[in-house]
C-alpha cells in the first residue's frame, strides 16, 4: 500500500511539474510568441510585424495598435484580474469604407475588445491612436465569450490536482503520466448550469500512439469551472469498458507499418516565372479581373472584403461582395448518454475558428507557388503575438477547361477552341481538436466565386465493450454509430457551417429573388404534355427569404440590383448555387438546436446591421439561444431594395465507416456565387488559350 501511495504521489508531482513547464512554454510572449498553440505544433516565424502600418480601413490591427490597446485595457481593469477574449479592429461604418479611396487618410482606428473580469463580460471600444477607452458596457445577454488559448491550456491540467480523478484513472489501469485531458464546451441544457463558466474534459491515454483520440478513457468526464480551475464534478460511467488498443492507430509516416504508396514521379504545378497575383499593402489581392481585401480573424478565420470584378467590356471594377466569412460552425453528436449528450459544439463562437488555425505546411497544405499571410492576434492579457503562415494564396490549374467547343467541318473549316480553367484560392485550415477544416475561397476569371469546406483529420470515437458486430444485441444496446475496430465506435454526428455574405451587387441596395421552377401543362396546344416554367418572386421581408432547400421543389436564388440594368434590360445580379448539403434533424425545441437555429433553414436574408455578424450569437459559449440569426430574422424587417446580407448554411451528415479509421479521408462540399445577367456576355471569351511556345520549361534541380 505504501508503495502504491508513493507511486501516486510521484505521478501527481510529475503531472504538476509538467503543467508548470508546458504552460510556461505555451503562453504567448511579446510580440512573436505563437507558441500558445494547444498542442504546440512547431513552426518557423520569419516576421515579428512590429513595423507594420495599416493601409486600408479594414486592415487588421497592427502590433503597435494592439500594444496601445493593451495598455488602455490594463488601465481600465486596474486592480482586477481580467482576460481578453477578443481584440480586433472595430470596423468603420460601411459607407465610410465604401467612400474611402487609396491615398486618402484612414478613418480613425479603433479596437473592439471583449474582456472578462469578476465573472462579468465587458465590451470595450479603444481608440488606438489616443490609447483611450472611449466606450464600455457590461453585456447582459446569456453566454460567455470564446475560450482563450491560455484558458484551454491551463484547464487541461486541472483534473490532476483532484484526488478523486487520480483514483478514477488509476482504477482504470492507466498511469497518470500517460493521460491527456482535452477541454470541450458543455453546451447549455438548463438553468442549473447558469452562473458558472464550465468545461467538460474528456481524457485519453497517450501511450504508444500519437493518435490518442483512438484511446479514450470512456465515460470519464471532468466538469471544471474555467474561472477557478476547480473540479466541479466527475462523471464516471464506463468502468467496465476497455481502453482501445494503440496498434495500427498512429498516423505518422515514420512509424507506420506496412508498404507506403508513393508515386514514382511526384506531381506538382510549377511556376518558374512566378504567380500572376499580387498582394499590395499586405492585404489587397489583385488577380486576373478580381480585386479583394483579405485578412485573418480570430473568430471567423478568413474574411474576404470588397470583392470586385473588372468588367472585361468596360474595364470598370464592379462591386460583388462587401464582406464574406464563416460565421458559425455547429457540430452535434447523436449520442444521448451522459458522457456524450453535451457534445454539441459551436466551433467559431466557443473556440475561435481563426485561433485554431495553425501554420500551414508548404507543399502539402498549399502548393509550391503559394504565398503566405501571417496573423497578429491578442493573448489573454491583450499583448500581440504572431500566428505565422495562417493563410495561403495560390493559383490552381488541374487541366480542366473553363470552356471548350469543337465544330464539325460542315462549313469546310474545323474549329477547335478551348480556354483553361485557372483560379485563385485563398485557404485556411483550422484544427479544432480532432477535426481539421479546410476553407477555400476560390475566384474564377468568369466572375464565379466558389466557397468550399473540406472536413478531414480524425473522427472522435467512443469506447465500447464490443469487438465484433456479432456481439451486439440490437434489443439490448444502441451503438449510436458504427463499430470501426475493436472496442471503438464512431458516433453519428453532423457538421454545419454558416456563411455571412454581405452582397453588394453593383452597389449596396439589392433585392432577393426566388426564381421558382414549376411544372406547367400545355393543355393540348402542343404535342408536349408538360414543360417547366419560371416564376420570380421578390422577397419583401425577412420571412419571405427563409429558405429550406428541396429537390422536389426547385428554385434558383438571386441577389439582384433592381436599380442597375444590363444592356438588354435585365437587373444585374449574382446567384447562390448550393452543392450537396444537409438539414438538421434535431427537434426545434431541443436546446442545441435553439442555440444553433441558423440550421433551421439553408438560406436567410436580413437587412444589413453592423451588430449582426455571428449567427449563433456574440456570446455563444453556454448561450441560451436568444441572440441568433433566427431571432433577428423573425423580426421580419423589410429587405426589398435594401442593403442586405445573405446567410448560407452548408451541412454534412456523417455516419462513420471503417474507412474513417484511424484517420478520416477528406470530404468536401460548398456553394457558388455565380454572376447572373451581371456581364453582357461570358467573360471567358476574354481568356487567352494556352500556347505551347509561351509555357515555361521546367527542369529538375541538380542533385547535391
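Glycine is no exception: its Cβ is also placed from the backbone N, Cα and C atoms.
Residue 347 (active site, proton acceptor) carries a helical DSSP state (H, G or I). Annotated active site, proton acceptor per TrEMBL: 347, in sequence order.
The feature active site, schiff-base intermediate with substrate is assigned by TrEMBL to 435. The Cβ of residue 435 (active site, schiff-base intermediate with substrate) has 22 other Cβ atoms within 10 Å, all protein chains considered. When secondary structure is read from DSSP and collapsed to three states, residue 435 (active site, schiff-base intermediate with substrate) falls in the strand class.
According to TrEMBL, the feature domain 'Copper amine oxidase N2-terminal' maps to 56-137.
For 145-244, the entry in TrEMBL reads domain 'Copper amine oxidase N3-terminal'.
Under the heading domain 'Copper amine oxidase catalytic', TrEMBL lists 269-685.
The feature 2',4',5'-topaquinone is assigned by TrEMBL to 435.
Other Cβ atoms within 10 Å of the Cβ of residue 347 (active site, proton acceptor), summed over all protein chains shown, number 25. Note: the CA-CA distance between residue 347 (active site, proton acceptor) and residue 435 (active site, schiff-base intermediate with substrate) rounds to 10 Å. For the domain 'Copper amine oxidase N2-terminal' (56-137), residue counts in helix, strand and coil come to 20 helix, 30 strand, 32 coil, using DSSP. Residue counts for the domain 'Copper amine oxidase N3-terminal' (145-244) under DSSP (helix as H, G, I; strand as E, B; rest coil) come to 29 helix, 31 strand, 40 coil. Mean model confidence for the domain 'Copper amine oxidase N2-terminal' (56-137) is a pLDDT of 96.
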